[in-house]
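Student: Below is a structure I'd like to ask you about.
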Amino acid sequence: RYRGLTLVLTFLCYTSYHLSRKPISIVKSQLHPNCSALGPNPHNDSNSSTWCSWAPFDGDNYKELFGALDNAFLVAYAIGMFISGIFGERLPLRYYLSGGMVLSGLFTALFGLGYFWDIHVLWYFIIMQVFNGLVQTTGWPSVVACVGNWFGKGKRGLIMGIWNSHTSVGNILGSLIAGVWVSSAWGLSFIVPGIIIAVMGIICFFFLVEYPEDVGCSPPMHHDAGGVTSKEKDPEAVTSNEGPLGISGQSNVDHSNSPKEPTEEPEAISFLGALRIPGVVEFSLCLLFAKLVSYTFLYWLPLYIVNVGEFLGRVRRERAWQGEHLLTSLLSLAAHFGAKEAGDLSTLFDVGGILGGIFAGLISDYTGGRATTCCVMLIVAAPMLFLYNHVGQNGISTSIAMLIVCGALVNGPYALITTAVSADLGTHESLKGNAKALATVTAIIDGTGSVGAALGPLLAGLISPTGWNNVFYMLIAADVLACLLLARVVVKEIRGWCGFMARKRGYVCT
């Protein structure tokens, strides 16, 4: 029951984190809409093409300003993440997580209040994004550490793959909630998600259980088996011994207490100590490029759908006027999306992300190859991104299918690295049972990935004026680099499989 409660609570907590991040991507197209589509200008003293835009985003440099807005949040998030893991290991996770959620709700709501307070200065929105980025770093190290404390390695990939759907569920809910008010009062698109995450923080404070030992349950095997009894048998032992927490009886609890004494004595692992864990550097750098792609979609996909839809609509209408075919004029209507429609359609990318995360976790559990699973999905993602850019807007059905496929391939490796891989490395056998590494390792991996998350939307803002094709070339290059950075770990996994099969069949692996 406590395991289930931990999964549900942490799922809802991080759903609310992403729910509060998503509105900015939905509101962008409302801060600088196509005013000519709204009819004549009621304000004779304002610019005829931008009279309905929200200053300071009413200029020709609005894309760069949007990029700066995203970057303010993501740079603060990336910097804060490296520090957050250190605090997460030394403070009660329940207090740390709850406080961060309440503060995040406050700053999210303050951003939306800029609409009702009629604020038109860039620095206000930048400051709100910076503070929100800093406090949101409390979330990921805390929830991964809590789940890692309750679940061993045996089926961690599948469990955390399903659990990690909170990212996509939060994005979907954030898009739908923001879309309700985006065209009428966009401030509420931020205020309502802010209230939701603050309320979830209060619920988390009263009900979250950090450690199995806090309620008299025995911990999973990775806390006491690694480096104490048999290092080599640890992964298999976790699978066979982590069962229901109460089944093994009180003797098992007593047995786990004796080796646990020394694991509570050591200080929390240092930053450099965490970097020395095999695989941390490789997966961190891989996540940098994988998250660059994912967050570029998160922040720019709705605007891309609107802009490309308007462009295709103009082209098809011109061809229709030239008498090419009546069908093209009908297709032009389907190609045009408003702010709400584009936000709703962009949620399909996150639907694909849910499927991709579960698929990646299941396959990596079955094969034991986390790096190989990530690498294969990244390789396939590159040509699919190219296809989406060139044929993804040719029809509504094509758009839906391509968004789901791209979402699965882009977010699958990202989800696997930030969950199961982080938990595996945070309980690595080289730590010899030291339990105080999960939050630090998770923060290092996700913090490095957040550097890519900051770079992606910034580069998209700078490159998009030259054409969306160039943005997609940048994303494809990032996918390829992410794959290459895992090459050493993939080779190691393949050699491990080769050695296992050779021993099984009595051969020598060369």
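Glycine is treated like the rest: Cβ placed from N, Cα and C.
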Student: Which of these ranges is annotated transmembrane segment in TrEMBL: 163-182, 303-322, 343-362?
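Tutor: Of 163-182, 303-322, 343-362, TrEMBL gives transmembrane segment for 163-182.
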Student: Hey, does the transmembrane segment (400-425) touch the transmembrane segment (163-182), meaning at least 3 C-beta pairs closer than 8 angstroms, sequence gap 6 or more?
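Tutor: Yes, the stretches contact each other.
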Student: Determine the mean pLDDT over the domain 'Major facilitator superfamily (MFS) profile' (9-495), rounding to the nearest whole number.
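Tutor: Here the predicted model's pLDDT, averaged over the domain 'Major facilitator superfamily (MFS) profile' (9-495), is 78.
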